[in-house]
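The annotation active site, proton donor is assigned in Swiss-Prot to E126. The [4Fe-4S] cluster binding site annotation in Swiss-Prot covers C12, C96, C199. The annotation dimethylallyl diphosphate binding site is assigned in Swiss-Prot to H41, H74, H124, S227, S228, N229, S271. Residues annotated as (2E)-4-hydroxy-3-methylbut-2-enyl diphosphate binding site in Swiss-Prot, with sequence analysis given as evidence: H41, H74, H124, T169, S227, S228, N229, S271. Taken from Swiss-Prot, the feature isopentenyl diphosphate binding site covers H41, H74, H124, S227, S228, N229, S271, and the record attributes it to sequence analysis.
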Amino acid sequence: MDVLLANPRGFCAGVDRAIEIVKRAIETLGAPIYVRHEVVHNRFVVDDLKQRGAIFVEELDEVPDDATVIFSAHGVSQAVRVEAERRGLKVFDATCPLVTKVHFEVARHCRAGRDVVLIGHAGHPEVEGTMGQWSRERGPGQIYLVEDIEQVATLQVRQPENLAYTTQTTLSVDDTMGIIEALRVRYPAMQGPKHDDICYATQNRQDAVRDLARQCDLVLVVGSPNSSNSNRLSELARRDGVESYLIDNASEIDPAWIVGKQHIGLTAGASAPQVLVDGVLARLRELGANGVSELAGEPESMVFALPKELRLRLVS
């Protein structure tokens, strides 16, 4: 039995930046530092930051006056920003720059008076933040959430001739393209972004897991259950006809999964650290894996800048 590692896998530039912002804020300003929502969707990462002095909250009313708060990588609505400013909270924004790009698109369409269709998953914090970029004060348009092709058939927009779409950044590329095509059939005048809103890291990891699926009879995806991009990776492998499981760490591996398998693929979502992948590799060796190789994959060199106040110190 051998193991084939996907490449790229694990942390993307937006996740790296968000985690580093929390670490450096704690080091520079001292604990506690409040973080609105899990900074990234990974239990191991969140637990580590808690031990360092981060306090995770869901709403700003849980943050004391005069405290420092960090917005998670998923972004926040304009209402949250306004509330933080009204209360005089010190804010570090860890929103992924690629999510911020989507926010700017929605705000631009809103100012132009367009209706906007957001393709995404209801309840996901990124979607809530993006939906929250629309406001009546910014323009007369409306924003609508579409989760799947079936909803396109029943969608009723106010301005079919003045309509644009945007997407959550962590969706399945194939699912999203199908929804966009259905929207274009129904609303031929619909505008779209100049470049795909699904981020480069999501695309690269989805391409890599499909490469794994072609060569393996089992694919394990390291990631937490609430990680959208990690769930999509496991779904894609299963869609390609390969048994696949999403696991938080090595302890969740069921030895029965390995029985009779010759080639095991291993990847990790964009919010899962390499240390968890290493733990899974160690467990697979205990279960009989005797060789590990790595796909070539798509090189990634993207780095996102930290806030100016946090650029001077290094955190291990």
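In case you wondered, yes, glycine gets a Cβ from its N, Cα and C as well.
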What is the one among the binding-site residues S227, S228, S271 whose Cβ has the most other Cβ atoms less than or equal to 10 Å away?
S271
C12, H41, H74, T169, C199, S271 filtered to the binding-site residues whose C-alpha is within 10 Å of the residue listed as 'active site, proton donor':
H74, T169
Should any of the binding-site residues H74, H124, T169, S227, S228, S271 have a Cα within 10 Å of the Cα of C12 ([4Fe-4S] cluster binding site), which are they?
S271
Hey, what's the Cβ neighbour count for the residue listed as 'active site, proton donor' at 10 Å?
25
Rounded to the nearest Å - Cα separation of H124 (dimethylallyl diphosphate binding site) and T169 ((2E)-4-hydroxy-3-methylbut-2-enyl diphosphate binding site):
11
Which binding-site residues are spatial neighbours of T169 ((2E)-4-hydroxy-3-methylbut-2-enyl diphosphate binding site) here, meaning Cα within 10 Å, out of H41, C199, S271?
C199
What whole-number value in Å do you get for the largest C-alpha pair distance within H41, H74, H124, T169, S227, S228, N229, S271, the residues recorded as binding (2E)-4-hydroxy-3-methylbut-2-enyl diphosphate?
15
C96 ([4Fe-4S] cluster binding site) to H41 (dimethylallyl diphosphate binding site): how many Å between their Cα atoms?
13
Would you list the other residues of this chain near (2E)-4-hydroxy-3-methylbut-2-enyl diphosphate - those whose C-beta lies within 8 angstroms of the C-beta centroid of H41, H74, H124, T169, S227, S228, N229, S271 - in sequence order?
V40, E126, T170, N226, S230, G269, A270
Distance from C199 ([4Fe-4S] cluster binding site) back to H41 (dimethylallyl diphosphate binding site), taken between C-alpha atoms, in Å:
16
Once near-sequence residues are set aside, which residues in the chain of H74 (dimethylallyl diphosphate binding site), 6 or more away, have Cβ atoms under 8 Å from its Cβ?
H37, T95, C96, V99, H124, P125, E126, G129
Could you tell me the C-alpha distance between N229 (dimethylallyl diphosphate binding site) and C199 ([4Fe-4S] cluster binding site) in angstrom, no decimals?
11
